[in-house]
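Below is one structure, written out as structure tokens; the observations come after it.
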Amino acid sequence: MMQEMTPEEIKEKKPYLDWSLSEEEYNYISEKLLHRLPNYTETGLFSAMWSEHCSYKKSKPVLRLFPTKGPRILQGPGEGAGVVDIGDGQAVVFKAESHNHPTAVEPYQGAATGVGGILRDVFSMGARPVATLDSLHFGELDDAHTRWLLNETVAGIGGYGNCMGIPTVGGELTFDDIYKGNPVMNAMSVGLLDVKDMQKGLAQGEGNAVMYVGAKTGRDGIHGATFASHSFDSEHESQRSAVQVGDPFMEKLLLEACLELTQKHADWLVGIQDMGAAGIVSSSSEMASEGKSGMELNLDLVPQREPGMSAYEIMLSESQERMLLCVKAGHEEDVKKIFDFYDLDAVVIGHITAGHNYVLRHHGEVVCDIPVSSLTEDVLEEPSEEKQPQHMLDDAAKPAWEPEIKDLADTYKKMLAQPTVASKEMFTQTYDSMVRTSTVVGPGEDSGVLRIRGTHKGIAMTTDGNGRFIYLDPEIGGKRAVVEAADNIIASGAEPLAITDCLNYGNPNEPEVFWELHHSVMGIAKACEVLETPVVSGNVSLYNETDDKSIYPTPMIGMVGLVKNLDHLVRDSFQEADDDLYLVGQTGADYAGSELQKMLVGEITGSLNDLDLDHIHDYQMRLLAEMEAGHVASAHDLSEGGLAVSLAESSFGHEIGADIKSDLTSAEFFSETPGRFLVSVPSEFSAEFAEKLGQDAIKLGQTGGDSLKVALKDQAVDLPVAELKQIWEEALPCLMKSKD
Amino acid sequence: MKFAVIQFPGSNCDIDLYEALHTVCGADVAYVPSKESSLDGFDAVMLPGGFSYGDYLRAGAIARFTNIMPAIVDMANAGKPVFGTCNGFQILTEAGLLPGALKRNDSLKFVCKTVELEVENNNTIFTSEYQKGEKINLPIAHADGSFYADPETLKQIEDNGQVVFRYSKENPNGSLNNIAGITNERGNVLGMMPHPERAVEALLGNTDGLRLFKSILDHAEVKA
């Protein structure tokens, strides 16, 4: 075994700099917190716990801007996952997590363990995970490496979720060169909970046991948290070892064992937490911190997969499928029996102690003795410089781009073949979207919808992020991201409840990147306030850059909504011929950052128009009321490709065409003004619908026929639905097959 | 008639079978963990889909060695209904209760979608409520569903009328003779890759699987 450096050698040789702990932080820990030099193990613990991934030291000042409270919110940020009351003694539990760095390196395992981690966060709250969603942003598909990354990532998400038996019911997949070296892989898990079974990550009560359950600890993923708080550069391939390997079978057993414990024997438990980033140290110290307790652990008792692991390695390992429990004294054997049935390890590795110190023993020696709070609460927040991105100032000085549509039919067909717009079925059909037989709406619609057994209610869920808009204007783009998510939820006939987020950004030490983070959070926060969807959980992923090139700022909004009566669930697709078609929401000249701009110009430029959130919220609620009254046959939100794409997609499901006449120009047909819906209304409800929506809905025409007859101000087309559908369906399979 | 839904470690469609029988059909049903060794008191046994033992080694290969398997073999030998869907089908072939084997899909990928099937044989306790030649739609969700048997076995299966369901539009996995589901020679053990239990409620968009469960229940009534 390698000899560990002495405290003095650490001070002199500064190995912590490689673990992302700064000299200033090291000195602060030595001089102000410990009043001595930390030893090797302690220095390792600090570097992990003080990483951005665990401490949010960079992003915390910004995250405080989020509204986190509301009448339905039972648990906001800070726990494994957010918890929202949905009535009848039940709650929906959800959180999203990014796994961008591991996915860039080893996409199958990176994505698989991303799913595994977020599932544990949800079942650590006592909830049964009922659905998974993803949010993927990749480079363009003309690159063979990107196609490999994407195939492996999708296989990893499916491989884990399918085996666990948790349906993947929605998500998003977009393409842009900016994500080539640093793809974005976010996963969201949604669970259901009887409120009485809710758990917390809490350890307290002197003499109570700290129990380790689940898989054994190996050397995998050591320093994953610090790894995720670093940028990539092509010179340092050796950093790329910190990726964990997932075992979904093990996690399925862990899930069932934990739920048996939390649902049937909650009285034995004080708290439970997933061992996620920074493994044992983060879960145990956070639980002790939450309980204002001291804790002592004997690392020799930790189930280990390989011999000779150092204290540092045991504490920082990110081996998957492990949980930490705080069990009331006297119930250790009872808990062990439950896990024995599932052939899982369940071992007492320590106890709650008087005082507030965090003590670790290894091979009979004390290898760590520090205040709990020094790991969790005393982290130095990092002041950040920020500066408005130069490209925004440059763009503002230029005239806005005005698209010119020469041939509407040709543009329409090309738009439907854009990878971001085209059908994602070739990927989503590799996910089991139906297991547990509660999926009412699976992948491919505005939101996934699950019924809640024993009720006639449903939960709707969506993930949305559009980095292009945030890049052009972080604050307005942030608002748009939340509005887009709410549009998706409302389009299903559900009431938006709350959001989770994954904030994927570049290097926050770049003043322009920090400005993007700050201002997009301002926009998200503002929209969440107006739309009454508080932030209940979230995750921050910084340093998404390769060779100094940052990704677009890409916050992912994961929103959950409540369908009060599944009889009034609304689908994307036209249901019948001869229904009246309405466009809800005003259409403006919103071309900056649009799919049309990317397709015709090849780059993203311009300034975004601000949006009137109060007005959007007002008509969203009137639209929802019409849906809940059963007056709406179909609704589809307008996003990439605007009305053109929504009209086509709505016609594909049942191959029902439409005949519309509008004063919109052919450019406006593709405009991406946020807060709009394409709605079909049976004629008997049409008059009332028009009255309730007033100025906010324009009648476009009617559904029917087998083609899309579109008469705009300047051009008209009549295109067979079957032809458009074929283009839309075949685009991605064709691109994925390309040889180079 | 009392149904047992077996829970192997890693089964994950157990709730789907249970709910289809219990909530939708109103049948008497209970979960039985594969660590148990007795099926006393049960009249039919249902093997759910999922990933028993993570599908490690080979789908179904480890599950066949669980404690409960001898009791399942006894049920099969006694002529009681034994049904396996997806991973359940894989386990039944591994256990030798059904001929053939399930290989990796031709695409090498997991596939979840609804496919059209033809009811090839309605003269079984599982399919009496269907018409012979009827086309139905059922979901599939598997990575290892390509049915294979050596030519001699395949001929026997075909000649004996053991093929109950055949993929009728597209073959989603490369199964020989488009086989989606087969029985044993006696006709009381059915294994199929598609999931009838996922197609029993209009709310979820499909009820084509419901009659499979009704058929088993009908059979119980006729017998009683």
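Cβ coordinates are placed from backbone N, Cα and C, and glycine is handled just like the others.
Straight from TrEMBL, the features:
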DOMAIN    A:10-57  domain 'Phosphoribosylformylglycinamidine synthase linker'
ACT_SITE  A:His53  active site
BINDING   A:Tyr56, A:Lys95, A:Asp501, A:Gly538  ATP binding site
DOMAIN    A:78-192  domain 'PurM-like N-terminal'
BINDING   A:Glu97, A:Asn539  Mg(2+) 1 binding site
BINDING   A:Ser98, A:His99, A:Asn100, A:His101, A:Arg120, A:Gln244, A:Glu318, A:Ser319, A:Gln320, A:Ser541  substrate binding site
ACT_SITE  A:His99  active site, proton acceptor
BINDING   A:Asp121, A:Asp274  Mg(2+) 2 binding site
DOMAIN    A:206-361  domain 'PurM-like C-terminal'
DOMAIN    A:444-563  domain 'PurM-like N-terminal'
DOMAIN    A:577-706  domain 'PurM-like C-terminal'
Cα separation, A:Asp121 (Mg(2+) 2 binding site) to A:Glu318 (substrate binding site) (Å, whole number): 14
Near-site residues: ATP, ref A:Tyr56, A:Lys95, A:Asp501, A:Gly538, CB cutoff 8 A to centroid: A:Leu63, A:Pro77, A:Ala96, A:Thr500, A:Cys502, A:Leu503, A:Val535, A:Ser537, A:Asn539, A:Val540
Residues near A:Asp121 (Mg(2+) 2 binding site) in space but at least six apart in sequence (CB under 8 A): A:Gly80, A:Ala81, A:Lys95, A:Glu97, A:Ser189, A:Asp274, A:Gly276
Composition by DSSP (helix, strand, coil) of residues within the domain 'Phosphoribosylformylglycinamidine synthase linker' (A:10-57): 35 helix, 0 strand, 13 coil
Whole-number mean of pLDDT values that fall within the domain 'Phosphoribosylformylglycinamidine synthase linker' (A:10-57): 93
Candidate nearest A:Asp501 (ATP binding site) in space, where candidates are the recorded positions A:His53, A:Ser98, A:His99, A:Gln320 and distance is Cα-Cα: A:Ser98
A:His99 (active site, proton acceptor) CB neighbourhood, other CB atoms within 10 A: 32
A:Arg120 (substrate binding site) - helix vs strand vs coil (DSSP): helix
Rounded Cα separation (Å) that holds between A:Gln320 (substrate binding site) and the residue listed as 'active site, proton acceptor': 14
Candidate nearest A:Tyr56 (ATP binding site) in space, where candidates are the binding-site residues A:Ser98, A:Arg120, A:Asn539 and distance is Cα-Cα: A:Asn539
Distance from A:Asn539 (Mg(2+) 1 binding site) back to A:Ser98 (substrate binding site), taken between C-alpha atoms, in Å: 7
Rounded distance in angstrom between the Cα atoms of the residue listed as 'active site, proton acceptor' and A:Gly538 (ATP binding site): 13
Whole-number Å value for how far A:Asn539 (Mg(2+) 1 binding site) lies from A:Asn100 (substrate binding site) (Cα to Cα): 12
By Cα-Cα distance, the member of binding-site residues A:Arg120, A:Gly538, A:Asn539 nearest A:His53 (active site): A:Asn539
Site extent for substrate, whole Å (max Cα pair distance, A:Ser98, A:His99, A:Asn100, A:His101, A:Arg120, A:Gln244, A:Glu318, A:Ser319, A:Gln320, A:Ser541): 20
Assigned element (helix, strand, coil) containing A:Asn100 (substrate binding site), judged by DSSP: helix
Where A:Gln320 (substrate binding site) sits in the secondary structure, as DSSP reduces it to three classes: coil
